[in-house]
Structure formats: structure tokens, C-alpha cells
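Enquirer: Summarising the annotation, TrEMBL assigns domain 'Pyrroline-5-carboxylate reductase catalytic N-terminal' to 36-132. The NADP(+) binding site annotation in TrEMBL covers I40, G41, G42, G43, N44, M45, A102, V103, K104, P105. The feature NADPH binding site is assigned by TrEMBL to N89. Summarising the annotation, TrEMBL assigns domain 'Pyrroline-5-carboxylate reductase dimerisation' to 198-302.
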Amino acid sequence: MFRFAPSSTRLYRFMPATERISHIHNMVSPQKAHSTIAFIGGGNMAEAIIGGLVSSGHPSSSISFSDLAQERRDYMKTKYPSIKSSADNLDVVADAEVVILAVKPQVLHNVINGIAPALQARKPLVISIVAGIAAASINRWIGGGESAIVRCMPNTPALVGEGAAGLYATAAVNEAQMGLAEKIVNAISKQTVWVDTESQIDAVTAISGSGPAYFFLIMEAMENAGVEAGLSKEDAKALTIQTCLGAAKIAQNSDEELATLRRKVTSPKGTTEAAINAMEDGKIRNVMASAVQAAQQRSRELAEIFGEQ
Ligand SMILES: NC(=O)c1ccc[n+]([C@@H]2O[C@H](COP(=O)([O-])OP(=O)(O)OC[C@H]3O[C@@H](n4cnc5c(N)ncnc54)[C@H](OP(=O)(O)O)[C@@H]3O)[C@@H](O)[C@H]2O)c1
């Protein structure tokens, strides 16, 4: 049922970012400046995307969300008074051009069962940020045919405006919808990549989805090593975090390969070389490769478990 995206859509994926942005402006709702967007689930990720959309100029009156928890609805209404909220998922789907699924994986099947007739009738673009549930499962739960579904794998730095995300579109998603999905996701993501096959979403999960925890572990180890080396915990932590941030900024602002950047700061017979040699002796590359493979494998397993519900 799911094919590669049509060639015009695939071409869009390979456009440079600047070209894509003007393309998006030309094709997203030409008569209407802003699409109506409904979030199912008003949790952390929905809040981050809504916050990003509103600060990028999307009117909050065109955004709605549903959440079962009264407390959560009240909290969001205090933050964004013009947003429509409801305890009933069907209420918000009713007039939406885009429906964003933002609930936990274990409740998604039930949630879709409740809104499937409305999705079938209106055929909005469905964006799922739910980890580990395949587009084919979502399509089947909606009730067949070919729904326009974009899977998105964001990450937690989205909560501080520094997210990275991977996107995958099913064949039914047209170019304008791809542009719209990217525009929405860019509200929380500074790096958004389209992948061609859905299985690559497992790789995105293993790199940027789970990745923040890898860096927390590395920073934790560095902080502890700094204390062993004689620094206070506070100083070791502050120096570690800033060094991580500084290295990331250099890498982000440079066109050079990461290996070249490393070599440039590693003088022969110097202190950094001594440290790098110790890391290579400790097989740091193998450790990272095993970690990414383990996350990718787990992502596939979870897709099987949840998809069979
Ligand atoms: N956080 C991340 O970094 C991250 C990264 C990548 C992907 N994701 C994915 O994003 C999705 C949302 O994550 P999150 O961190 O935003 O989770 P969250 O904070 O738990 O948000 C989910 C919200 O949906 C509500 N909900 C539960 N059942 C519902 C229903 N039947 N109808 C409407 N709303 C319902 C939940 O209410 P209750 O709390 O009362 O159940 C909760 O407020 C998850 O599938 C996760 O896998 C998250």
C-alpha cells in the first residue's frame, strides 16, 4: 500500500532549504494564510509545537487541542487563551486541515478508533509524532484507503527550541502537505530531515531521538572524571557543559568534516592526542555503534508490539 513518494514530492526533498522555504510560501494554502491545526493530546510535545507555532506567527485561534485531563486543558488555556480546547477528540478534528497525533503509543489505537470516521470524511493531513507506530498501522486504524500521513520523530531539545527531527511521508502526502508538515515541525526543530523509507525513522530515533541521553551520559562521565582530576563538581559540570556546547557550535558553523575538526584541535604528542588515543584504545567508536544499533533494534521491536494492537 505504501510506495515511495511521487517524483515531484521526492524532488522537493532534495531541494536546498532556502529554495524549499520560498516553495512552502508559494504553495501552502494560497488563499488562506494559516491552516487550522488540531492536536490530539496536549502534553509536553504538543505544548512545545504550539509554543513554536505561536511565536512564529501562527494565530492561536487556528490551533486547537484535545486532552482528557481538565488540569492540562486549564494550564494550556492560561498560556494560550485563544486556543480552542476540548476533552472530546472529535470536537477538534471537526474543522482541522492538519491533525497532529501527540499521545503516548499505547493509547494511539483507541484514539484513532474514536476519530477515524471524521478522518475518513475530511481527509486532513495526519502528522504523527508518536514514537514507534508505523504509518501502515495508523492508516489501517483510520480504516483503509490511503491517508496522507507524515511520521515525525522529534527530540526533547524541542522543549528549549533546539530540536532536531526526522520526517517520513507516505505516498498519499502531496507536495503542499509536505511543505506544511515541514513548516509545522520547523516550529520546534532547527534541523529537519526527510527520510525516503520509513525504516530510516528507526535510525533517526537512534541518533537524534535517543541522542540527547547519550550526550548526558558522556557529560556525566566527563564531569566525574573532572572531579577525579581535582576540580569541584560544580566547576567540572560548568566546564563540561560549555565545552559540549562550544564544540557543537564550532561543528555547526563549519563546513568541515567532524573528523577534520577533531584533527585540527589534536596537536601531535599533545594533551588532546593523549586523551583521544585513550578513547580509541577503549573502543569508543564500537561503544557508540553498539548503542545506536541497540536503539534502532528496540525502535523496530516497539513498532511491532504497538502496531499489532
Ligand atoms: N517527549 C519527547 O521528547 C518525545 C520525542 C519524540 C516523540 N515523542 C512522542 O510524542 C508523543 C507525546 O509525547 P509527550 O512527551 O508530549 O507525552 P505526554 O506529555 O504524556 O502527552 C500526551 C498527552 O495526551 C493525553 N492523552 C492521553 N490519552 C488521551 C486521549 N485518549 N485523548 C486525548 N489526549 C490523551 C495525556 O494525558 P494523561 O497524561 O492524562 O494521560 C497527555 O496530556 C509520544 O507518543 C511520544 O512517543 C516524544
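Cβ coordinates are placed from backbone N, Cα and C, and glycine is handled just like the others.
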Enquirer: At its widest, how many Å does the recorded NADP(+) site span between Cα atoms of I40, G41, G42, G43, N44, M45, A102, V103, K104, P105?
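Expert: Answer in Å: the longest Cα-Cα distance is 14.
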Enquirer: Which of the three DSSP-derived classes (helix, strand, coil) applies to I40 (NADP(+) binding site)?
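Expert: I40 (NADP(+) binding site) sits in a strand per DSSP.
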Enquirer: Restricting to the binding-site residues G42, N44, A102, K104, which ones have a CA within 10 Å of the CA of N89 (NADPH binding site)?
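Expert: So far as Cα distances go, none of the binding-site residues lies within 10 Å of N89 (NADPH binding site).
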Enquirer: Give me the DSSP three-state residue breakdown of the domain 'Pyrroline-5-carboxylate reductase dimerisation' (198-302), ordered helix, strand, coil.
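Expert: Helix (H, G, I), strand (E, B), coil: 86 helix, 0 strand, 19 coil.
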Enquirer: In terms of DSSP three-state secondary structure, what is the assignment for K104 (NADP(+) binding site)?
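Expert: Where K104 (NADP(+) binding site) sits, the three-state DSSP reduction gives coil.
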Enquirer: Of all the binding-site residues given, N44, N89, which has the fewest Cβ neighbours within 10 Å once its own Cβ is left out?
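Expert: Least crowded of the binding-site residues N44, N89, by Cβ count within 10 Å, is N44.
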Enquirer: Write out the long-range same-chain contacts of K104 (NADP(+) binding site), meaning residues 6 or more apart in sequence whose Cβ is under 8 Å from its Cβ.
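Expert: Result: G41, V130.
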Enquirer: Measuring CB to CB from I40 (NADP(+) binding site), give everything in the same chain under 8 Å that is also at least six residues away in sequence.
Expert: F65, S66, N89, V92, V93, V99, I100, L101, A102, V103, V111, I115
